[in-house]
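Novice: Below are the features listed in Swiss-Prot for this protein:
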ACT_SITE  100  active site, phosphoserine intermediate
BINDING   100, 240, 242, 244  Mg(2+) binding site
MOD_RES   100  phosphoserine
């Protein structure tokens with residue numbers, strides 16, 4: 001792992017790339033960097049349900065305590081819950097052990113600053129440099145100066161109460177199927193919905209350490225789509241492993257993606273005078289239908305790179321408070337400092353309740369243009385992306401689309417993949433283009 005930090009912290013195969021030794025080093029370096037500027041000398045740690053979380057958590061705790069910083073352990077909790085508690089508990093930093101939607105063999109370590117925001121690149125670089133430097137002179141306190149380990153017994157309760165308070169309506173009369181991805185949402189998502197009055201049918205809510213994201217959750221919503229229809233539910237919700245995203249399913253079993261959720265939430269916020277700057281921040285992956293739907297409603301759309309950290313940066317830069325990604329990472333900055341699948345689900349459900357419309361009716365406000373995505377595994381994604389062959393191929397195929405579509409080729413921020421997206425009106429033409437682009441990328 002030549003460069004540790006990617007777009008969403010440090011990721012790798014647990015115990016080969018992301019080892020206990022590396023976690024220990026990251027704990028030492030992170031605690032030193034994030035608490036030396038007068039910030040609180042306590043760090044909170046939370047994780048998802050992966051089997052490797054125990055090992056990495058123990059190593060991080062040891063590293064943090066070894067530089068004289070206290071650890072407050074909160075156990076399994078959604079990533080946005082850790083961001084929230086970092087702020088609420090007055091910690092100098094928060095640490096999340098999770099690889100989000102990735103398979104079980106992967107894990108990750110991500111830091112939040114004292115305000116609950118992901119770290120800027122320069123702080124991550126400082127932590128990385130110290131973690132990799134065998135000669136780094138970090139503190140080695142002794143005796144009573146060592147850090148201690150504490151347990152936050154009511155962490156789940158605190159996050160549940162916080163999330164519930166973000167909407168002013170109950171959910172009585174709604175029958176909801178919720179897919180917890182056998183991940184961090186398993187204890188909180190069904191409970192929150194139930195306490196707000198919904199009839200809740202949880203699925204994939206029994207984590208065993210190895211079944212996280214396994215044919216379930218927001219990256220595999222097929223079972224949820226079937227279950228919503230089978231149960232006669234009003235809608236379904238699908239979280240990923242760390243519950244920082246959500247997708248929905250209407251009563252007919254149709255998937256409602258992040259773009260559609262953003263359109264209906266943005267329009268509802270605007271109708272209540274609560275859409276700050278009359279702006280929604282989206283990424284280059286958002287569907288053309290989103291742009292058209294928001295433009296029809298007189299809402300300004302600001303575009304940024306893929307990744308919720310870039311959505312957040314653009315929100316802070318523009319003063320807007322709402323934005324997100326097609327994948328279901330959606331930020332309501334008036335509520336939390338990062339993408340929050342639980343809070344997004346609650347805002348969506350509040351729109352359903354307050355408008356009296358079904359999710360199918362609401363989602364129909366956006367016409368989704370056909371979009372085909374394809375991932376190509378590569379050895380060196382940067383080499384591929386810098387090849388002039390790619391830019392020439394994009395120009396050639398976009399000429400064929402004649403202004404009625406677009407092609408986007410980008411590297412994954414967390415995996416050795418190049419992602420291809422082709423969008424337009426003719427599915428056969430799109431499939432032909434994406435297959436040809438994938439072949440070109442694979443041969444570079």
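Each residue, glycine too, has its Cβ placed from N, Cα and C.
Help me understand the surroundings of these features in the structure.
Specialist: In the three-state DSSP reading, residue 100 (active site, phosphoserine intermediate) counts as coil.
Of all Cβ atoms in the protein chains displayed, 33 besides its own lie within 10 Å of the Cβ of residue 240 (Mg(2+) binding site).
All protein chains shown were included, and the count of other CB atoms within 10 Å of the CB of residue 100 (active site, phosphoserine intermediate) stands at 31.
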Novice: Does residue 242 (Mg(2+) binding site) have same-chain partners at least 6 apart in sequence with Cβ under 8 Å from its own Cβ, and which are they?
Specialist: 48, 78, 79, 96, 98, 100, 183, 184
